[in-house]
Amino acid sequence: MNKPMNKKRQKGSKPVIDEIEVAGKNLRDEALKYMKVRNYTKALGLYDQALEMNNNDQNALVARSRCFLQLGEPGKALQDAETALVLDKNNIRAIYQKAEALYYLGQFEHSLMFFHRGLRLRPELASFRLGVQKTQEAIENTIGNNTKNQPQKKPTKVEKPKTAKRNQLSREELEKRASRRLLGDLYIDKEYLENLIKHPDLRKADTNTEGVSEYAKDAINFLNNRQEFWRQQKPCTSLNAKKINGANGMLPRWL
């Protein structure tokens, strides 16, 4: 007697779930109409209703995160994006919303890492490329302002034999040219990240839960792997890698 009842309950639960999903979608669609006319307060109320019906609605979480940003509340936007990422760590829209929220909170280093994470997952999306560019500019402006306020120290001159210096520079130049030709526009990102992890102020951005340095190293490893892939596909563009790294022909590992 109990088994047939359980089956009926299981069968009867699916229409209820479908009704909730349909109702949630209708609320999101209605909210989107208000977003388009910039009535963000009305849209926020509808997203709240959708999440009251189903607090695991990732689409509603991401959409409400965007709405919070428009209302000038990046802290709440970040919270919704992080909740969506707990449900699905590869939710590309949630990754973008988290990067945007961190940017507006002034946490540029963390924002940069999440824009790079999205770019790794979906390299064809221009929004992540633009996000990387604007966060890099923000970091450079911040670092530039800090260095202006600090007393400038004259660099200590170190005398080196001219022949040794010439050989060292030529090797570095060959490495840069090989990497630049293999990676194309991505070489700028790689060079920026390599300089970023060397910056002494980067440790201040690391927290107990998230380390910006680790995100940066992860992004550099991704670019190194991509560089090695293109080197194997186009060995002629590596500028005679054997001369750079010896007989094995392998490109150098930075990490």
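The backbone N, Cα and C atoms fix where each Cβ goes, and this holds for glycine too.
Panel annotation: around the repeat 'TPR' (24-57), residues 63-64, 66-68, 70-71, 87 of the same chain, lying at least six beyond its termini, place a Cβ under 8 Å from a Cβ of the stretch. Annotation source TrEMBL lists repeat 'TPR' at 24-57 (among others).
Averaged over the repeat 'TPR' (92-125), the predicted model has a pLDDT of 94. According to TrEMBL, the feature repeat 'TPR' maps to 92-125 (among others).
Among the features that TrEMBL reports, region 'Disordered' is placed at 140-174.
The compositional bias 'Polar residues' feature in TrEMBL is assigned to 140-153.
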